[in-house]
Amino acid sequence: MSLRFHTLPTLPRAVKPGCRELLCLLVIAVMVSPSASGMCPTACICATDIVSCTNKNLSKVPGNLFRLIKRLDLSYNRIGLLDADWIPVSFVKLSTLILRHNNITSISTGSFSTTPNLKCLDLSSNRLKSVKSATFQELKALEVLLLYNNHISYLDPAAFGGLSHLQKLYLSGNFLTQFPMDLYTGRFKLADLTFLDVSYNRIPSIPMHHINLVPGRQLRGIYLHGNPFVCDCSLYSLLIFWYRRHFSSVMDFKNDYTCRLWSDSRHSHQLQLLQESFLNCSYSVINGSFHALGFIHEAQVGERAIVHCDSKTGNGNTDFIWVGPDNRLLEPDKDMGNFRVFYNGSLVIENPGFEDAGVYSCIAMNRQRLLNETVDIMINVSNFTINRSHAHEAFNTAFTTLAACVASIVLVLLYLYLTPCPCKCKAKRQKNTLSQSSAHSSILSPGPTGDASADDRKAGKRVVFLEPLKDTAAGQNGKVKLFPSETVIAEGILKSTRAKSDSDSVNSVFSDTPFVAST
């Protein structure tokens, strides 16, 4: 029991002794009354501003609690409905209210009007099936809301409207089938929400086109493990990107990210999402996810690099800060060694090294429009000297190969079309052509004339051998008939060459006139 001792007022001496004792009793009675001192109920345990009424089979809040308490624990009771009258008194200083492990099935509007300054509300392990619009609208200062281990299957887009200071929201262990994207986009988005736990629900996929719009500082606190995801390369690229950025939501629960194929049955084996060569997803698909979240900047070792923050909210009323790959905060007008941030959002790396490569997040905060935007930029650091030498080697090899091919083609063309032909070759070609054309008109061509040149006289005479034909017809008595009634012409021509004699005279071996036997 908690008692307060106050200084009793000085009683007038004119009061009689009996009346004085009666007045003292009245003062003490007023001081220890429930409304003034807040005596601790028999079902609770009180410690100054902390009251615990756990596991007492309570269905409502005791009415004689001290009004200035800061923490009230009503877990493991039988509270089933939260309406406007479930708390009989107003707790203006109450900051933590614990209602886990009750039978709460519904929350009415105005249920928390008597606790306007709550910062932490625990409604976990109850029987809530949905969260309606403006359920928590009175809790303007609420920072942590625990709704895990319920039966929630529907969240109204305006369910958390007005909770502008909400930082952590626990929704794991429910029956949600869609990712609550309204928490990050739209009219009722929560700008300060940096922790969202929707693990172990029934969410089959993530809206990839919208999740890329979530600022980086909010992405770090999204927990998705334990959901029955459908295997997809886009989901894999998102999670592997978070894993490479060392998000605790993926690093700490790597083995709890699983998926199933469409063809799998309900009880089929789950596949690990975060594994190498997952479903043969191409590297371009994975990189596409990286690029969608920002830009890529190339820097050279030892050369000053300037990276601009391409934010749509950037103007004179915008403040910029950067977050490095190691979660180091980079701000303007601060000594950060190798880094420097200007007021226009530009990041300068004076002497980049390989260890400076990674994903940098630029956070632009517009004071006038009350907007903020996060731009993720991938900075790659490479060695210009090494890359240049490799480039020159590749160029030299390609140029040599091309030159060799051109030279080969030129030589082939020269060989085909520019081969020299001597005069003797041309003369022989002409003679062969003439002899073939005159074969049908004459049996033998005439020999060279007397005025022929010396070269022409080198050639021998042409002769014709006539093949005798046997006529087996009757009346020939086996005689050989050289020429039958119809003349048969043999066109076999034999060329012979006789060397020139010392006296420069050329004799004919055979006459030009063919010998014909008479019949």
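Using N, Cα and C of the backbone, Cβ positions are placed for all residues, glycine too.
It should be emphasised that the depicted structure is a prediction, and the values quoted were computed from it without experimental measurement.
As written in Swiss-Prot, here are the features:
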type	residues	note
SIGNAL	1-38	signal peptide
TOPO_DOM	39-397	topological domain 'Extracellular'
DISULFID	C40-C46	disulfide bond
DISULFID	C44-C53	disulfide bond
CARBOHYD	N57	N-linked glycosylation site
REPEAT	68-89	repeat 'LRR 1'
CARBOHYD	N103	N-linked glycosylation site
REPEAT	117-138	repeat 'LRR 3'
DOMAIN	227-283	domain 'LRRCT'
DISULFID	C231-C259	disulfide bond
DISULFID	C233-C281	disulfide bond
CARBOHYD	N280	N-linked glycosylation site
CARBOHYD	N287	N-linked glycosylation site
DISULFID	C309-C362	disulfide bond
CARBOHYD	N344	N-linked glycosylation site
CARBOHYD	N372	N-linked glycosylation site
CARBOHYD	N380	N-linked glycosylation site
CARBOHYD	N383	N-linked glycosylation site
CARBOHYD	N387	N-linked glycosylation site
REGION	498-519	region 'Disordered'
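Look at C259 (disulfide bond): DSSP puts it in a strand.
DSSP assigns N380 (N-linked glycosylation site) to a strand in the three-state reduction. Checked against C40 (disulfide bond) by C-alpha proximity, the recorded positions C231, C233, C259, N344 yield C259 as the nearest. Note: the Cα of N57 (N-linked glycosylation site) and the Cα of N103 (N-linked glycosylation site) are spaced 11 Å from each other.
Around the Cβ of C309 (disulfide bond), the same chain contributes F320, W322, G345, S346, L347, C362, A364, V375, I377, each under 8 angstroms and 6 or more positions distant in sequence. The disulfide-bonded residues listed here are C40, C53, C231, C233; among them, C53 has the most other Cβ atoms within 10 Å of its own Cβ. In the structure shown, across all protein chains, C362 is the one of the disulfide-bonded residues C44, C46, C259, C362 with the greatest number of other Cβ atoms within 10 Å. When DSSP labels each residue, the repeat 'LRR 1' (68-89) comes out as 0 helix, 5 strand, 17 coil, counted as helix, strand and coil in that order. When other Cβ atoms within 10 Å of the Cβ of N383 (N-linked glycosylation site) are tallied across all protein chains shown, the result is 12.
Secondary structure of the repeat 'LRR 3' (117-138), assigned with DSSP and counted as helix (H, G, I), strand (E, B) and coil, comes to 0 helix, 5 strand, 17 coil. Of all Cβ atoms in the protein chains displayed, 8 besides its own lie within 10 Å of the Cβ of N57 (N-linked glycosylation site).
Taking the C-alpha positions, the distance from N380 (N-linked glycosylation site) to C233 (disulfide bond) comes to 24 Å. The Cα of N103 (N-linked glycosylation site) lies closest to that of C53, out of the recorded positions C53, C233, C259, N383. Straight-line distance linking the Cα atoms of C44 (disulfide bond) and N344 (N-linked glycosylation site), rounded to a whole number, equals 58 Å. Distance from the CA of C46 (disulfide bond) to the CA of N344 (N-linked glycosylation site) is 55 Å. For N383 (N-linked glycosylation site) paired with C233 (disulfide bond), the C-alpha to C-alpha distance reads 32 Å.
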